[in-house]
């Protein structure tokens, strides 16, 4: 490559000999500072005369004093080392009769040699065992990573938000779309197949912390940092799915038809990089590298032409629920969709009538801010999570009696607690554990999952009952209800989240099973999970 400022021979030769210059400089200092060769009548200034140096004489004298002090310290350490060595030798001579030896001695006698060889063989055996264990652990980790990539494949990336994504959800009725709630004060609806943004909701004045869809109608419920929850209607038209282009032949033929390739003229690195940067082989690169490749140079969070700036935007909600005195952190629909529950940092959860926006109940009892709320898919049950290390189960099945149960199974903030299709509750916490509970007997968990990072908003698949755990350390792990680890979503510099994963959501509408994740890297990711192979690996 060309070098600015003329010829590079001088700089290259200077760069080849920096160590030699430093070595010569250090030797000159040591030779000048040596006490053995210095005559008593020679002054320090006279010794420095004739040496090629641009340092002031006073500064050089200070340096020589410092190096002299360092040399004296090393001499003292060397003398102490010699004395300690003599003491070890004398102790070894005294302990020879007892067959013992101090570490650092020189075992030269028969009995000592036998004991030394025995201890050496034990140490060698221990090192071999440790090495084999560590090697097998490394190999098993590689096998697990390869298996995870085969079982969990990246489906689509959804990029368009300008800040972190806190929550995401899948519609329960057609058309099936993906919804994301972001700290950029907006919620977006996406086409799952194409990854195109279909609709933008911008009615909140604060961070959108949660999004949930009505069980049967095209309505969405969002909770925000502006202390309100909004209900808004949407109408979207899904784009026709486009068949993937066959780049396996056309890209390679275009590549090999290039004059440089077809004529056999040699390439240098700059010419090849220039060829790739022209975009002529972008399809080829995409086909070789995979869907994790991003050919654009846009900054993180910057949107493209199909981003939310060019999609229909809703700015006015159908209904506004505003009874909280703090951030509304989560909201969900009760079974049937006639009532909703909201959770807030004001330590309370509110139950509203959807049609009239009337506040029906205020659920109090938590000692600190709420972090999440969830409703049962078939029964009038609500579970709320809090920073007070507890989660509470609220029962509204009997209109006259509203019972509540408090569960203290964690030692740190309970980030979420969700129902399963059966009679179970799964809770996740900042204490790096996930616990599975039985609704019929919730005195103690039936399974405990211990992880290496805090757990955020978890989700459980309805059909296969697989738990998806999003972590602060950017990992997403899959477990079954008994606590057995099934897989870990692949993550690399080209695939997966680059910052903490905030939430997960399942979609099991068709034959395939898809898992969606979102994080504070401003993107949501869809994954195709091979459930039969996953369970077979178990």
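Cβ coordinates are placed from backbone N, Cα and C, and glycine is handled just like the others.
Predicted automatically and left uncurated, TrEMBL annotations should be read as such.
Note that the structure is a prediction, hence the values are computed from the model and not measured.
The compositional bias 'Low complexity' annotation in TrEMBL covers 1-15.
The feature compositional bias 'Basic residues' is assigned by TrEMBL to 16-25.
Annotation source TrEMBL lists region 'Disordered' at 1-50.
As annotated by TrEMBL, repeat 'WD' applies to 158-200 (among others). The helix, strand and coil residue counts that DSSP assigns across the repeat 'WD' (158-200) are 0 helix, 23 strand, 20 coil.
Summarising the annotation, TrEMBL assigns repeat 'WD' to 201-232 (among others). For the repeat 'WD' (201-232), the number of residues in each DSSP class (helix H, G, I; strand E, B; coil) is 0 helix, 17 strand, 15 coil.
Per TrEMBL, the feature repeat 'WD' maps to 363-404 (among others). Long-range contacts of the repeat 'WD' (363-404) within the same chain: residues 326, 329-335, 341-351, 410-419, 421, 425, 427, 429, 431, 439, 442, 457, 462, each at least 6 residues beyond the stretch ends and with a Cβ under 8 Å from a Cβ of the stretch.
For the repeat 'WD' (407-447), the DSSP-based tally of helix, strand and coil residues reads 0 helix, 21 strand, 20 coil. Here TrEMBL flags 407-447 (among others) as repeat 'WD'.
Broken down with DSSP, the repeat 'WD' (363-404) shows 0 helix, 25 strand, 17 coil. Across all of the repeat 'WD' (158-200), the predicted model scores a mean pLDDT of 96.
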